[in-house]
Amino acid sequence: MAEVSGSTTPSSRQGDQRRARFDWAGLRADLRGAVPDASLALVVTGLLYWLLYVRVENGSSATVKIMPMLADADEFWMYWMCQAFGWSAMLWAYITVIFGLLRSGPRPRWGWLPAARLEKWHRTTSLTTIGLTFMHAFFFFTDQIRDNQTRWSFGRSVWTAFVDVWVPGGYATGTGRVAILIGLLAFYLAIPLGLAFYLRHRTGSRLWLALHRFVIVVYVLSIWHTLLFSSQAWYDGSFRTLLWVLQIPLAALLLIRLMAPARPGERLRARGPGRREHALPVGARVAGRLAAAATVVGLVTVVVTGVDGGRSPDAGSLAPWPEKWVIWVGLLLFTLAVVAVVLRLRPRATAASRPATPAEGRAEESADLA
Ligand code: HEM
């Protein structure tokens, strides 16, 4: 294997520049590709907004039952927008995770859904999810400014809303002090873990794929945030149960994806050629499968027993669990795991270890999947 020599030719310099760059062209193409599903997401958000608005008007709003001061549908429109974008973000997150798991697991044999189309849909719906989440938090931000202005100057209102909404740990009261922290971590983690794809020519396909696997944590944080904070699912009841039930197929799909991965290198083989090349040690891959199986069992148990964290209208408000420090410790452990993977898989500085061009990179990924 030849080492890269000190002297570089113009074409190898161009290749290096291409590798070092963020794949803006790829991102632009995917953003263009996301226009249809983002448009559909906006239509869905509009319908959800209308539903939330009508329920406030006719007195059946779950939110108003918990927060009677929000009973004016017109005055609090930004809050309904926040809620509507929250639900469309959650729906799109669900859909994009399904596409991703189908793409990297035992792919469906339907002719109309080849792997390339699944992957494209996964990429576009995940970009749309990030956009919807931003809009969800943005409308919360604008609503907070509105609320703050009933007490303070414009400058102080904007600053306080900024800290409360965009700074992790900034929101200091009620269930939101935990739920908003979890939501913000989901949002902020989605950006690097999702967009690492566009750095794959620099990181090498093994590293970005390994980093991308951590993205499931974003979904877990999102649904956790929803179950903790949603005023529609605040109390025990059929809607809250439905949210839990919907997680079962997703967890089952994750388990199937881990048991029957599309990439031969991810199958459980402790022996045989190439075993040293695996991105994850066998122990970690066994642990992943056990965790997914335990999640399926745990979800079924929650649904069957009905012990799903819902509140009762008769009981007083419960302190949110866990405390914030538990989440910070979790984030620290998560970061250490990501750093360990980066150190283990970072590309060597040899010409052979990285694809020279995007086209070669794609060929390498396809070979990986063959
Ligand atoms: C991936 C990230 C996120 C997802 C998928 C998500 C999704 C949701 C969903 C589905 C709800 C329930 C809405 C309802 O009950 O009507 C919700 C509630 C809420 N979220 Fe998020 N969220 C995320 C991040 C954030 C962030 C970053 C913030 C603010 C910084 C935030 C603020 C809120 C607020 C204030 C509520 C309460 C709305 C209510 O009264 O029900 N969320 N979120």
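Every residue, even glycine, has its Cβ placed from backbone N, Cα and C.
Note that the coordinates shown come from a computational prediction; the quantities given were computed from them, not determined experimentally.
The annotation transmembrane segment is assigned in TrEMBL to 38-56 (among others).
The transmembrane segment annotation in TrEMBL covers 77-101 (among others).
TrEMBL lists 86-222 with the feature domain 'Ferric oxidoreductase'. Using DSSP to sort the residues of the domain 'Ferric oxidoreductase' (86-222) gives these counts of helix, strand and coil: 110 helix, 0 strand, 27 coil.
Within the chain, the transmembrane segment (121-141) has long-range Cβ neighbours (under 8 A, six or more residues past its boundaries) at 30-31, 33-34, 36-38, 41, 45, 78-79, 81-82, 85-86, 88-89, 92-93, 95-96, 99-100, 103, 161-162, 165-166, 183-184, 186-187, 190-191, 194, 197, 222. Residues annotated as transmembrane segment in TrEMBL: 121-141 (among others).
Annotation source TrEMBL lists transmembrane segment at 153-172 (among others).
Remote same-chain residues near the transmembrane segment (178-199) are listed as 22-24, 26-27, 123, 126-127, 129-130, 133-134, 137, 164-166, 168-169, 171, 208, 211-212, 214-215, 217-219, 221-222, 224-225, 228-229, 320-324, 327, 331 (criterion: CB distance under 8 Å, separation of at least six residues from the stretch ends). Here TrEMBL flags 178-199 (among others) as transmembrane segment.
Here the transmembrane segment (211-235) has Cβ contacts under 8 Å with residues 62-63, 66-67, 83, 86, 89-90, 93-94, 97, 100, 133, 175-176, 178-180, 182-183, 185-186, 189-190, 193-194, 196-197, 203, 243-244, 247, 250, 254, 308-313, 320, 334, 337-338, 341-342 of the same chain, all six or more residues outside its ends. What TrEMBL lists as transmembrane segment is 211-235 (among others).
Feature annotation from TrEMBL assigns transmembrane segment to 241-260 (among others).
Taken from TrEMBL, the feature transmembrane segment applies to 286-305 (among others). Outside the transmembrane segment (286-305) by six or more residues, the chain places 241, 244-245, 247-248, 251-252, 254-255, 258-259, 268, 280 with a CB less than 8 A from a CB of the stretch.
Only residues 6 or more beyond the boundaries of the transmembrane segment (325-345), in the same chain, are considered here, and those with a CB under 8 A from a CB of the stretch are 169, 178, 181-182, 185, 204, 206-207, 210-211, 214, 217, 279. Positions annotated as transmembrane segment by TrEMBL: 325-345 (among others).
Mean per-residue pLDDT, taken over the domain 'Ferric oxidoreductase' (86-222), amounts to 95.
Same-chain residues lying 6+ beyond the ends of the transmembrane segment (241-260) with a Cβ under 8 Å from its Cβ atoms: 94, 97-98, 101-102, 104-106, 216, 219, 223, 226-227, 230, 233, 285, 288-289, 292-293, 295-296, 299-300, 302-303, 306, 308. When Cβ-Cβ distances below 8 Å are used as the criterion, the transmembrane segment (153-172) is approached by residues 137, 140-142, 144-145, 180-181, 184-185, 188, 324, 328 of the same chain, each at least six residues removed from its ends. If one looks beyond the transmembrane segment (77-101) by at least 6 residues along the same chain, the residues whose Cβ comes under 8 Å of a Cβ in the stretch are 37, 41, 44-46, 48-49, 52-53, 56, 63, 70, 118-119, 121-122, 125-126, 128-129, 132-133, 135-137, 139-140, 142-143, 146, 215-216, 218-219, 222-223, 226, 230-232, 246, 250, 253-254, 256-257.
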